[in-house]
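Heads up, the thing below is written out as structure tokens.
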């Protein structure tokens, strides 16, 4: 069992991860951007309907709204229920894993996640466990020992509901791959999204036959993958093991990124202060831009 839309990038429209969650410092900010709020100031009307309309018009046929905490997984399910083309995940982001112990009842917190996942599955909406994994670039949000403990715990969730996993790995390749290796029997497949690792990390992930690599092509993830060297890492990823995603509203392609020279398609954009419903917001990423990403990939592989 694989995630909906898991296909070669050159064939049908790929799966898009449209996030309402993320790291602790950004999750609230992410939701505010889609409500038109920037640095506490209302710059334009909430525009999720317009964002989705552009995605459908661009040929995207399904979108996964990702959960990053118990609360946000509930929100993701609520959003997914508004459209037959929307799906969601249930899980806890590595930087949010402290919520298990902060709840005062870690096992109860886990059972609440399990109950939510089962509810969403019954509704035909929950398609993966996650976003979960390890993020050692953000240990100020959650220490590594807590991240590892509850990353392992979420494999129990995947095993219980028999769903694939939506995984996060940043600056933690060795520990991440060790934990995945120990738990391969617990989950039917997965994708390590927004890949920011080295060619060695890539090859280790590809050694797991049930694992796919999620890319934000080019320039990929802005925290690491925006240089020509990183394009070489991408080129080493076989198309049949690759998933293309956006991390809306983050990780847009900038003129300073190495991948910009590969981009041949554009979408009209306006600054947030001059917002128009028919244009994207300049500096923000959207699912409709996957066509831009795929054009870049095709140019890179020719």
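Glycine is treated like the rest: Cβ placed from N, Cα and C.
What TrEMBL records for 131, 247 is divalent metal cation 1 binding site.
When Cβ atoms from all protein chains are considered, those within 10 Å of residue 168 (divalent metal cation 2 binding site) total 29, not counting its own. Under the heading divalent metal cation 2 binding site, TrEMBL lists 168, 193.
Within 10 Å of the C-beta of residue 193 (divalent metal cation 2 binding site) there are 26 other C-beta atoms, taking all protein chains into account.
Distance between Cα atoms for residue 131 (divalent metal cation 1 binding site) and residue 168 (divalent metal cation 2 binding site): 6 Å, as a whole number. Just so you know, the Cβ of residue 131 (divalent metal cation 1 binding site) picks up 31 other Cβ atoms within 10 Å once every protein chain is counted.
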